[in-house]
Structure formats: C-alpha cells, structure tokens
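Working notes for the structure below.
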Amino acid sequence: MALTAETESRLYRSLRVAAGAAAHLVALGFPAAVAVLARPGSSECRWGRGRGRGEGRMSQRTSPCPSLAGLFSWHPLLMALAFSFLMTEALLIFSPETSLLRSFSRKVRVRAHWALQLLALLCALLGLGIITYNKHLNGKGHFVTWHGLTGLLAVLYTGGQCAGGVLLLYPKLMKNWTLAKLKLYHATSGLVGYLLGCASLMLGMCSLWFTTTVTGASWYLAMLCPVVTSLVIMNQVSNAYLYRKRSQH
C-alpha cells in the first residue's frame with residue numbers, strides 16, 4: 001500500500017531525528033573512547049610490533065614510555081575533540097530537528113557555532129603542534145604519511161574556513177555578493193573541511209598506535225563513527241542549501 005505524502009514526511013523526519021541523535025552520541029562517545037585509550041599525559045603506553053593493520057604483530061604489552069610518549073598521547077585526544085565533537089556539534093546547531101539550541105534565536109546559534117568552531121580550531125592547532133614537536137624531538141619526518149598530510153590540510157582548511165566566516169558576520173565587506181550566496185558557499189566549503197577532518201581521523205585509525213590498541217570488531221566500530229557523523233552532516237547541508245537551491249531553478 002502506497003504511503004501518503006504526510007506519512008512519508010513524518011517517516012523522513014523521524015529518520016532524521018534518529019540520525020541526528022546518533023550523531024550527537026557518536027560525537028561525544030568517540031573522543032571519550034580515545035581519551036580512555038590514549039590516557040593523556042600518562043607515562044605508560046601500548047607497545048607492539050608491526051607496520052600497520054593486517055600485518056602480523058608480536059604480543060602487545062604495556063610498558064613505561066619515555067616522557068615524550070606522554071606528550072604524544074594528547075594528539076589523538078585533541079584531534080578527536082576538534083573534528084569529532086566540537087566541529088560536529090558546531091554544525092548540528094543548525095539542524096532543524098536535533099539542534100540542542102533550536103529553541104534559541106538564530107543569532108544565538110550563530111554565536112555558539114562561532115565559539116565551537118574556534119575551540120575546534122584551537123584543539124586542532126594544539127594537536128598539530130604537539131605531534132610536530134614530538135616528531136622533531138624524535139628525529140622523525142614530518143607529514144610523510146597520508147594521515148599526516150590530510151591532517152595538516154584539514155587544520156589549515158579549518159583556519160581558512162573560520163576566517164571566511166567573518167564575511168558572514170560582516171557581509172558589507174563583500175559588496176558584490178549577496179548574503180544568501182555567502183551562506184551557500186560557506187556551508188558547502190565548510191562541509192568539505194569537515195569531511196577532510198573525518199578523513200584524517202579515519203586515516204589515524206589505520207596507524208600503528210591505534211591498530212595495536214584497538215583490534216577486531218572494535219576497530220570497525222571506531223571507523224564507523226566518523227562515517228555516521230559525515231553522512232548526517234552531509235544530509236543536513238544538502239537539505240538546507242543544495243536541494244533548496246536546485247528546487248528554486
């Protein structure tokens with residue numbers, strides 16, 4: 001039996017509410033799990049042998065690490081906070097179904113979006129600085145892996161995106177551009193930056209540190225986290241800007 005348009009609309013809205021709720025839980029749960037694994041500032045870490053996922057590894061053990069290992073342990077947590085929690089929540093603020101601030105005015109939500117984005121950028125810069133300094137002290141090469149290159153690009157892109165957001169606060173700086181067009185470009189370019197951040201997280205989960213700590217079904221579940229939030233954010237931006245713009249033509 002065919003569903004009525006009203007029933008389809010309710011079903012679609014219910015699915016979006018469920019997906020948004022799942023995104024909120026994943027956004028918080030993923031960095032919390034990373035914090036448990038990394039134990040920021042801890043003098044102990046996981047040691048293992050092998051060069052990546054899928055290769056044979058010797059038995060793992062927990063041993064005292066050099067003091068620099070405690071420095072490295074902040075890197076995964078800060079990056080997870082930046083791209084999984086803060087940036088996801090900054091974008092979900094504008095979700096018509098699952099925004100935690102949907103009862104507030106748009107002006108309040110914009111200010112909260114700005115605050116969360118700046119915090120995300122700060123965490124990302126700190127995470128980037130820590131891993132760069134750690135590699136320098138250990139005499140290792142900088143940005144020689146796909147994870148490192150993607151992470152660097154994501155952090156730089158986020159900085160540019162935050163700078164571009166100033167134009168929305170002061171649209172008179174771009175006299176030849178309408179506010180609607182600025183919003184469209186900011187949203188779509190922001191989506192690209194968010195996907196870069198999620199890609200960096202996924203590549204980080206292919207690193208030796210993560211694959212020697214998280215194995216089996218847990219590894220696949222962790223990889224699913226940025227996929228879930230990416231799909232939810234992509235759907236939100238597409239419905240808010242891209243589909244609406246297409247329907248106007």
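The backbone N, Cα and C atoms fix where each Cβ goes, and this holds for glycine too.
Under the heading domain 'Cytochrome b561', TrEMBL lists 22-244.
Taken from TrEMBL, the feature transmembrane segment applies to 17-38 (among others).
Marked as transmembrane segment by TrEMBL: 74-94 (among others).
What TrEMBL records for 114-133 (among others) is transmembrane segment. Only residues 6 or more beyond the boundaries of the transmembrane segment (114-133), in the same chain, are considered here, and those with a CB under 8 A from a CB of the stretch are 71-72, 74-79, 81-83, 86-87, 89-90, 93, 142, 148, 151-152, 154-155, 158-159, 161-162, 165, 169, 197.
Among the features that TrEMBL reports, transmembrane segment is placed at 145-170 (among others).
Taken from TrEMBL, the feature transmembrane segment applies to 191-211 (among others).
Summarising the annotation, TrEMBL assigns transmembrane segment to 217-237 (among others).
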With Cβ-Cβ distances below 8 Å as the criterion, list the same-chain residues six or more beyond the ends of the transmembrane segment (217-237) that contact it, or say none.
16, 19-20, 22-23, 26-27, 29-30, 33, 53, 83-84, 88, 91-92, 94-95, 187-188, 190-191, 194-195, 198-199, 201-202, 205, 210-211
